[in-house]
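Enquirer: Pasting a structure below so you can have a look.
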Ligand code: PFF
């Protein structure tokens, strides 16, 4: 079996894991969910989910991963025995489905990158909306971009953990942050921007829809990459010195900050150009080209648009790398094949899912339960499989694994003073499972 890699530096650990967390979930999904579910009220519920379920759940997944020091399936097996490896399998399959539909949206970013470069996104709001509709529902072009994106991910993953994953994340994350700040300032200076800021920060509970709880829960898990075994896989590369609690806290902070900044980038601009905040998944592909044209001089707008879509694609890349790594590590370790071969199997499976998702956006009618195949994959994974994965991880770490093993991992074998250990343990034993269960029951109409 190939030698397992690990992250080289402390900052590398945080940036690579934050790279997994920060992606389209923050910049594409969070704003459109917030727009559909009533703005500030949704954000409030989301923040509670991050604090109460997200951070403790991350630590639980870290415990399983670092203890197992192997792919997710084996790590769950080592922690709880044969039956618990099912959670590892579930996470691995979930990550493949997510990678399939995520690559479609990331592919749209690549198309927008090229279109901005060629100056094809110039025009009024109607023109940009039509451009998006025509492009995303065409059969070939989006499909090719989807495959290109998965292949790029493949090429990074086969370089390994330190030279591939860690190096890329270290360079990209800080640039993304600075660019985001610049666009936020530009967006907030537009006329009528105040309405967008109000929409984000002034809760109006009457606008909350029925599904808000489940959506916020799903978004929190999706955004933190929680429940897919992704954190478990990355934690298998952590060193014995990595402080699990602190790392989880830092990543959740960075992730939430970027999501709020993305909201501040989109909504003031959307209100300013008269685009409805609840226009759904196409929000950033229709609103932002308008912002770039209105907020900056033509040349600057041109440059910022190119930079933005390039960085969005790169943020998506640091996330797809982490999803790809879950399956790759599973295939090469369990089938006893080379890392390269493992990566090829993962790539082929994800391309197949990605092709179906891409075609379902308008080219071919592939729908289930009245949703397009892509929306179905998104709903099934974010709102059901991720919370389930985290639910069972909390049960495993909180109730099944010997307490000493858990305490050793969280306290780095007694070398750290972890004053919040008891609180964390209480949350993952009682609060997290109960909350996830309640949200499910509520959604099914039982409570
Ligand atoms: N957290 C990523 C984002 O917000 O874009 C998405 C993601 C990455 C989900 C990795 C799941 C995963 F395993």
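Glycine residues also receive a Cβ, built from the backbone N, Cα and C atoms like all the rest.
Pulled these features from TrEMBL for this protein:
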type     : residues : note
TRANSMEM : 7-28     : transmembrane segment
TRANSMEM : 40-65    : transmembrane segment
TRANSMEM : 86-114   : transmembrane segment
TRANSMEM : 143-161  : transmembrane segment
TRANSMEM : 173-193  : transmembrane segment
TRANSMEM : 213-239  : transmembrane segment
TRANSMEM : 251-275  : transmembrane segment
TRANSMEM : 295-322  : transmembrane segment
TRANSMEM : 343-368  : transmembrane segment
TRANSMEM : 380-401  : transmembrane segment
TRANSMEM : 421-441  : transmembrane segment
Enquirer: Residues sitting near the transmembrane segment (40-65): Cβ under 8 Å, six or more positions beyond its termini, same chain?
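Expert: Sequence-remote neighbours of the transmembrane segment (40-65) are 30, 33-34, 72, 75-76, 79, 199-205, 207-208, 212-213, 215-217, 219-221, 223-224, 226-227, 229, 231-236, 238, 244-245, 247-249, 251-252, 255-256, 260, 263, 390, 393-394, 396-398, 401, 406, 409-410, 424, 427-428, 431-432, 435-436.
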Enquirer: With a cut-off of 8 Å between Cβ atoms, can you find at least three pairs linking the transmembrane segment (213-239) to the transmembrane segment (7-28)? Only pairs 6 or more residues apart in sequence count.
Expert: yes
Enquirer: Counting only pairs at least 6 apart in sequence, do the transmembrane segment (7-28) and the transmembrane segment (343-368) share 3+ Cβ pairs under 8 Å?
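Expert: Stretch pair does not touch.
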Enquirer: Contact between the transmembrane segment (86-114) and the transmembrane segment (343-368) is defined here as three or more C-beta pairs under 8 Å separated by at least 6 residues; is that satisfied?
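Expert: Contact criterion met.
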Enquirer: So, does the transmembrane segment (173-193) come close enough to the transmembrane segment (295-322) to give 3+ Cβ pairs below 8 Å, pairs being at least 6 apart in sequence?
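Expert: They are in contact.
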Enquirer: Sort out for me which stretch, of 143-161, 251-275, 380-401, 421-441, has the most Cβ pairs below 8 angstroms to the transmembrane segment (173-193).
Expert: 251-275
